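Trainee: One structure coming up, written as structure tokens, with questions to follow.
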Amino acid sequence: MRKRVLVKFSGEALAGADGYGIDTQILDYIGNEIKELVDNNIEVGIVIGGGNIVRGVTAAADGIIKRTSADYMGMIATVINGVAMQEALEHKGLSARLQTAIKMEQIAEPYIVRRATRHLQKGRVVIFSAGTGNPYFTTDTAATLRATEIDACMLIKATKVDGVYNKDPMKYSDAVKLKELTYDQALEDHIKVMDDTAIALAKDNKLPIVVTNMNEKGNLLKIINGDYSKCSIVK
Ligand code: UDP
């Protein structure tokens with residue numbers, strides 16, 4: 001049986017040096033990494049964040065925009081990223097389908113798990129956008145939920161760092177990488193691998209979360225093939 005994985009990219013990951021919008025060169029790079037997986041017979045689902053465009057908490061910070069509306073704006077942002085990702089994957093010759101948890105019939109298929117599974121079985125990459133479709137959640141939680149629903153063997157969180165550290169490695173030179181930790185450790189020590197809702201859901205469903213650096217070429221395939229040298233795993 002083919003392996004099925006879900007890869008989560010933050011919206012920020014798509015932004016270029018100025019931290020905003022979509023850098024097509026980054027999309028192109030991601031397209032190559034995903035193609036490598038598909039070429040190796042792996043079924044791939046993708047969840048993308050929207051932080052490069054709108055993040056609900058930030059947009060609602062001064063009280064002018066209500067949090068619920070700001071969160072809907074954030075979810076729409078993930079659809080924008082999804083449209084771009086679908087194009088980038090097809091540019092590489094892959095077959096991709098964008099699904100959305102908030103209906104937008106002209107743009108994307110509605111999220112239907114059975115349909116998504118069918119696409120995956122046919123070798124299509126499925127991009128799950130609009131998060132969970134509900135405000136007050138994150139795309140990390142959406143990724144955990146979708147990974148569980150499609151029965152993925154792992155959720156890979158593709159970030160800018162090569163794993164989970166006891167403190168921010170960008171700020172502290174003595175930060176120590178934690179190669180393996182339990183869900184409870186991640187929750188109790190407030191190690192922000194993902195938000196608590198996402199970790200609790202992963203724990204309930206025994207879904208391993210792998211955190212790795214998306215900028216290390218070939219890393220996704222290595223991890224799926226069992227080489228955990230350049231990542232952290234929460235299980
Ligand atoms: N969001 C939401 N419900 C969800 C997923 C996302 O309301 O199920 C909104 C929320 O406002 C969030 C924004 O969409 O800030 C973008 O997602 P996120 O911040 O998780 O993106 P990332 O940090 O991965 O770029």
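Here, residue 1 is simply the first one shown, and the rest follow in order.
Quick reminder: no glycine exception, Cβ is built from N, Cα and C everywhere.
TrEMBL annotations: computationally assigned, not manually curated.
According to TrEMBL, the feature domain 'Aspartate/glutamate/uridylate kinase' maps to 3-213. Summarising the annotation, TrEMBL assigns ATP binding site to Lys8, Phe9, Ser10, Gly11, Gly51, Arg55, Thr159, Tyr165, Asp168. Positions annotated as region 'Involved in allosteric activation by GTP' by TrEMBL: 16-21. TrEMBL lists Gly50, Asp71, Thr132, Gly133, Asn134, Pro135, Tyr136, Phe137, Thr138, Thr139 with the feature UMP binding site.
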Trainee: Near the UMP site, what residues other than Gly50, Asp71, Thr132, Gly133, Asn134, Pro135, Tyr136, Phe137, Thr138, Thr139 in the same chain have a C-beta no further than 8 Å from the centroid of the listed C-beta atoms?
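Mentor: Everything else in range on the chain: Gly56, Gly74, Met75, Gly131, Thr141, Ala142.
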Trainee: Cβ under 6 Å from ligand 1: which of the binding-site residues Lys8, Thr138, Thr159, Asp168 qualify?
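Mentor: Going through Lys8, Thr138, Thr159, Asp168 in sequence order, those close to ligand 1 turn out to be Thr138.
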Trainee: Cα of Thr159 (ATP binding site) to Cα of Thr132 (UMP binding site): how many Å, rounded?
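Mentor: If we compare the Cα positions of Thr159 (ATP binding site) and Thr132 (UMP binding site), the gap is 20 Å.
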Trainee: I'm trying to understand the geometry here, so how far is the Cα atom of Thr138 (UMP binding site) from the Cα atom of Gly51 (ATP binding site), in Å to the nearest whole number?
Mentor: 10
Trainee: Among the binding-site residues Ser10, Asn134, Thr159, whose Cβ has the fewest other Cβ atoms within 10 Å?
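Mentor: It is Asn134 that, of the binding-site residues Ser10, Asn134, Thr159, has the fewest other Cβ atoms within 10 Å.
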Trainee: Hey, of the binding-site residues listed (Gly50, Gly51), which one tops the CB count within 10 A?
Mentor: Gly50
